[in-house]
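According to TrEMBL, the protein has these features:
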type	residues	note
COILED	B:2-29	coiled coil
DOMAIN	B:23-110	domain 'PhoU'
DOMAIN	B:128-211	domain 'PhoU'
REGION	B:220-239	region 'Disordered'
Protein chains: 2
Amino acid sequence: MVEKSEHIVRSYEEQLKKLREMIARMGGLAERQVADAAYALVRRDTELAAEVIGRDGEIDQLERDIENFCVRLLALRQPMAGDLRFIIAAMKVSNAIERIGDYARNCAKRAVVIAQQPQLTGFSSFQWMAKLVQENLKESIDALVNQDATAAERVWAADASVDDVYNGIFRELLTHMMEDTRNITAATHLLFVAKNYERIGDHATNIAETVFYSVRGAGLPDERPKGDTSPFAVARPPA
Amino acid sequence: MVEKSEHIVRSYEEQLKKLREMIARMGGLAERQVADAAYALVRRDTELAAEVIGRDGEIDQLERDIENFCVRLLALRQPMAGDLRFIIAAMKVSNAIERIGDYARNCAKRAVVIAQQPQLTGFSSFQWMAKLVQENLKESIDALVNQDATAAERVWAADASVDDVYNGIFRELLTHMMEDTRNITAATHLLFVAKNYERIGDHATNIAETVFYSVRGAGLPDERPKGDTSPFAVARPPA
């Protein structure tokens with residue numbers, strides 16, 4: 001009997017380990033999508049953009065695999081307390097990563113159109129923003145895999161700088177539109193690209209919140225102040 | 001013993017009923033937010049817009065309540081098969097409704113700015129789009145509460161018409177921008193409002209998919225064809 005129960009425990013630990021690996025793999029794929037979509041945009045590389053679009057299905061499949069795996073764990077293992085919270089968190093996080101994948105794919109689609117339009121300046125901000133959200137995404141996934149609440153709290157606080165870069169890009173693009181109507185198509189798509197990266201940053205923050213709750217069993221103290229002021233932005237036509 | 005186990009069963013049924021009621025209430029709130037945000041936009045009613053912004057916290061709180069309730073159900077009842085799938089679906093759906101609430105709040109914020117800008121034509125499309133997504137949202141939540149896979153499948157198929165209206169709005173707004181740079185601020189915010197409604201429609205579709213899976217234990221046959229062609233849209237400046 002002792003042997004058998006040890007075997008069951010070991011196999012349960014292995015299943016939780018497998019779940020962590022699946023999440024880490026899914027997160028790694030999403031990070032790459034986020035980085036490649038930004039690279040394709042900045043370098044006007046439509047082939048890379050097409051690759052990003054094509055790879056999204058892999059992330060979608062991993063979400064389904066993780067959900068099925070978690071439902072089976074819940075049904076067969078009937079986990080309690082920390083393990084239960086971890087499995088719920090894994091499902092929520094894989095759902096968020098799937099959304100992140102969709103945003104990256106949408107950026108890649110727009111990169112294809114933007115590559116055929118007159119080139120605008122100010123792309124370095126996009127690379128900067130993509131890098132910031134990619135780092136936050138990586139740290140929040142690592143925090144889940146390592147069950148590290150302190151790291152999760154750090155990511156949660158870091159999103160404010162993403163919002164700052166986004167607000168700057170938003171205003172710059174409106175100015176481009178005002179200056180020359182030939183910029184409108186490219187600038188409009190770039191507005192959505194910037195918004196997508198801002199949303200990816202939001203999701204990374206949400207992942208961090210989920211991880212913190214799953215480890216500590218309690219939420220973060222207050223709502224993070226929302227730094228995106230662009231819904232209130234007004235641009236004036238050039239004088 | 002028989003009495004006690006009947007009592008346990010009845011109380012479990014009551015808990016599942018309470019969960020259905022919480023979801024229905026959260027869905028009803030979100031429908032109202034979606035409708036009021038559109039009304040505030042079209043009527044340039046900034047007071048109503050402020051109300052929508054203020055009410056979002058209630059939806060956020062319901063999401064936390066539903067998750068906590070579901071986690072307790074999973075821990076205490078260790079449900080199997082259909083009940084397990086229903087509880088997982090309830091958590092996923094409440095997560096989607098929370099996102100929908102965020103989109104409605106964002107629309108309301110933008111409605112405040114738009115009300116101070118020159119008025120553009122073509123608002124009837126916004127009302128039409130809001131009405132379509134609101135109906136899809138209501139039907140998908142009803143499908144969850146009634147565990148009706150057929151209704152879920154109907155919503156899933158209906159989203160294509162939302163995408164059509166969105167694509168039309170997108171092109172019209174680009175034209176407004178090209179014609180007069182003074183329209184750019186309002187048109188840009190309206191682009192995001194339209195995108196928000198399109199995303200709300202996407203979430204309603206996702207809810208329907210989740211419901212279908214939770215009732216039938218198997219997914220819908222194929223991926224729904226994606227009707228949003230706007231990531232590839234190009235507008236030409238007027239000649």
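Here the Cβ of each residue, glycine as well, is placed from N, Cα and C on the backbone.
Nobody curates TrEMBL annotations by hand; they come from automatic prediction.
Keep in mind it's a predicted model, so treat the numbers as computed, not measured.
Applying DSSP to the domain 'PhoU' (B:23-110) sorts its residues as follows: 82 helix, 0 strand, 6 coil. Helix, strand and coil counts from DSSP across the domain 'PhoU' (B:128-211) read 81 helix, 0 strand, 3 coil. Regional average pLDDT for the coiled coil (B:2-29) in the model is 82.
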